[in-house]
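Heads up: the structure comes next, in structure tokens.
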Amino acid sequence: MGQEQSSPINDSTPPQTLKERSVDSVATYIREGHAKKIVVMAGAGISTSAGIPDFRSPDTGLYANLARLDLPYPEAVFDISFFRNNPLPFYTLAHEMYPGKYRPTVSHSFVRLLSDKGLLLKLFTQNIDCLDREAGVPEDKIVEAHGSFAHNHCIECKSSFSDDIMRQAVSKRDIPHCLTPQCNGLVKPDIVFFGEQLPEEFHRNRSLPSCADLCIVIGTSLTVLPFASLPGFCSEGVPRVLINLERVGGLGSRPDDVLLLGDCDAGVRRLAAALGWEKDLEALWEGTNQEKPTTGGDHRVAQRDNDELLDDQITNLTREVDQSLKISDDHTARLRQQLALIEEESKPSNEAFPLLEKPITRDNSEAEALTATGKRQTSEESSQFSSAAKRDVSSTTAPNGLEKPPL
């Protein structure tokens, strides 16, 4: 069953199950005991108010802003082939996003509330941030369709890797390796990268929405399959509620679809108010606050808006990658020394090397080798590089400066 792309239902078409297509009617449906197996499908939109950017927003999404980093393309940070060759950008990002740095949102607490009331059948989430776990949603109620930071494995031998050791490595900006003897493969959290299979847990539960008596879709663009197909598994006549900035997928095409368009937290609070659950919801959410008191019920740090938080986050990422990849001052000095010796030994006149005072472009092959091995040059390699550098200096094209190795 694929993603729905139907047109919105005509306003004149009456609902089959609900009394009307409204939040109050959904609340009545729940209060009267008709919704005992609620399936929630969540995307990055429920985490943006925590300060975590979503992935695909054109100007503020993570992919758009990762363009500031020196990546061949933004999605490369989650590409398994790229990771094998250069895991540093991912671990730079992981340092900023690792669980424990962000507070769950009201939307996460609402899912927890559904679970506490015995109404949650399953939460399907596209998010890797583990905020639903931190909000207290039981692990057996969560299907992380794209994986998460919750567990880690070696990408070679598949051995599990300690969460504590991973946390320490990420906090120190280290790149962890497998502890299994004779392996030493790269380790990563169980986040599904491009080129990897979705978790078996997702495939086992993919048809579960067909058993639901209410579906709540919140904060997702429903553009990535197979996750985008999940709402289509709900039976005809089962109410589906969309809490999102805009209409997505086929939501709104069935007689019992209810659209609450706008901010996710505001939509969740509106539904909770209609259910008479406001106090329960706010108490649960308050319990996630690690630094009391809150600022007027808004959980964004120091009342800074999301754009400012995102700007700081990307600036930090850019600086950390640049620092990690830059050529050391000592290495630069050695290059200049070598070139000065070459000039002294071989120049026929003072005009032999007119560009010597400009920064020297590192030979690409030497840069790639250094990136791949992490080793200092041998004397033979140094000699080879000196010849290449000499050719660069005497060329008619001005050099581009000391460049960091390509990712």
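The backbone N, Cα and C atoms fix where each Cβ goes, and this holds for glycine too.
TrEMBL entries are annotated by machine, without manual review.
Per TrEMBL, the features are:
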type: ACT_SITE; residues: His146; note: active site, proton acceptor
type: BINDING; residues: 44-48, 54-56, 126-129, 220-221, 244-246, Cys264; note: NAD(+) binding site
type: BINDING; residues: Cys154, Cys157, Cys178, Cys183; note: Zn(2+) binding site
type: COMPBIAS; residues: 1-16; note: compositional bias 'Polar residues'
type: COMPBIAS; residues: 374-387; note: compositional bias 'Polar residues'
type: DOMAIN; residues: 16-278; note: domain 'Deacetylase sirtuin-type'
type: REGION; residues: 1-23; note: region 'Disordered'
type: REGION; residues: 345-407; note: region 'Disordered'
Message: Of His146, Cys154, Cys157, Cys178, which is closest to Ser47 (NAD(+) binding site) if I measure between C-alpha atoms? They're all recorded positions.
response: His146
Query: Beyond Cys154, Cys157, Cys178, Cys183, what residues of that chain have CB atoms within 8 A of the centre of the Zn(2+) site's CB atoms?
result: Ile155, Glu156, Lys158, Ser159, His177, Leu179, Thr180, Asn184, Gly185, Val187
Task: Have a look around Thr220 (NAD(+) binding site) and count the other CB atoms within 10 A of its CB, chains all included.
output: 29
Query: How far is it from Thr220 (NAD(+) binding site) to Cys178 (Zn(2+) binding site), counting Cα to Cα, in Å?
result: 34
- request: Tally every other Cβ atom lying within 10 Å of the Cβ atom of Leu245 (NAD(+) binding site).
  value: 15
Statement: Across every protein chain in view, the count of C-beta atoms other than its own within 10 A of the C-beta of the residue listed as 'active site, proton acceptor' is 20
- prompt: Nearest to Cys183 (Zn(2+) binding site) by Cα distance: which of the recorded positions Ala44, Asn127, His146, Leu245 is it?
  reply: His146
Task: Quick one: of Cys157, Cys183, which of the binding-site residues has the smallest count of other CB atoms within 10 A?
output: Cys157
- prompt: Given the recorded positions His146, Cys154, Cys157, Cys178, which lie within 10 A of Asn127 (NAD(+) binding site) by CA-CA distance?
  reply: His146
Message: Taking 10 A as the limit, how many CB atoms besides its own sit near the CB of Cys154 (Zn(2+) binding site)?
response: 20
Query: If we check Cα distances from Ala44 (NAD(+) binding site), which of the recorded positions His146, Cys157, Cys178 wins as closest?
result: His146
- request: Between the Cα atoms of Cys178 (Zn(2+) binding site) and His146 (active site, proton acceptor), find the distance and write it as a whole number of Å.
  value: 22
Statement: Cα nearest Leu245 (NAD(+) binding site) among recorded positions (His146, Cys154, Cys157) -> His146
